[in-house]
Amino acid sequence: MSLQTLQTELKAKLRQYQDFPSKGIVFEDILPIFQDPKSFQQLIDAFKLHIKDTFGDKKIDVIVGLDARGFLFGPTLALAIGAAFVPVRKQGKLPGKTVHAEFQKEYGKDVFEIQEDAIKPGQTVIVVDDIIATGGSAACAGDLVTKLKGEVLEFIFILELLFLKGRDKLCAPAYTLLSGQE
């Protein structure tokens, strides 16, 4: 199946909720993709096609998934391409020694962490999450990978809220599978 066909079928699965979680917000619900095994497989297939088209035979060592929705598909994608999966979590959720970085949220700051031995110097990394909005959390994850001397090749998202220009904050190119709100 072509990437374009996969995108069309996956886009049809999305639901929108007006005024959620607050008035004036249109919430893009990706969960129906994960509730249907065929759609979930199509999501992984679409990302695999993109990675193959973009990087050819270049080895991707690590998929980094952001807390929490990057955990929905990050491990499955990592397994599908023969890469390791490494979680980036909110502060205090990972055991052992960690490296941390702050990022700005709508109403204050938050902190992400990664285990300090999770990525080896020189490893190639793709960072994944469900949606890129302001780009703060994704940029923070990229900073953590860089602190561990990994090479961020790309950021991959299911959706993007283009009007927030989050990709401008990222340290590597961004790929969005489905078009989101303009």
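The count begins at 1 with the first shown residue.
Glycine is treated like the rest: Cβ placed from N, Cα and C.
According to Swiss-Prot, the protein has these features:
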- A133, T134, G135, G136, S137: AMP binding site (BINDING)
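Overlay of Swiss-Prot annotations on the structure.
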residue: A133; record: AMP binding site; CB count, 10 Å: 21
residue: T134; record: AMP binding site; CB count, 10 Å: 17
residue: G135; record: AMP binding site; CB count, 10 Å: 21
residue: G136; record: AMP binding site; CB count, 10 Å: 20
residue: S137; record: AMP binding site; CB count, 10 Å: 25
Inset, instruction - Using DSSP with the three-state reduction, classify G135 (AMP binding site) as helix, strand or coil. - result: coil
Inset, instruction - Enumerate the residues of the same chain, A133, T134, G135, G136, S137 excluded, that satisfy the criterion Cβ within 8 A of the mean position of the Cβ atoms of the recorded AMP site; list them in sequence order. - result: F103, I132, A138, A139, L164, G166, K169
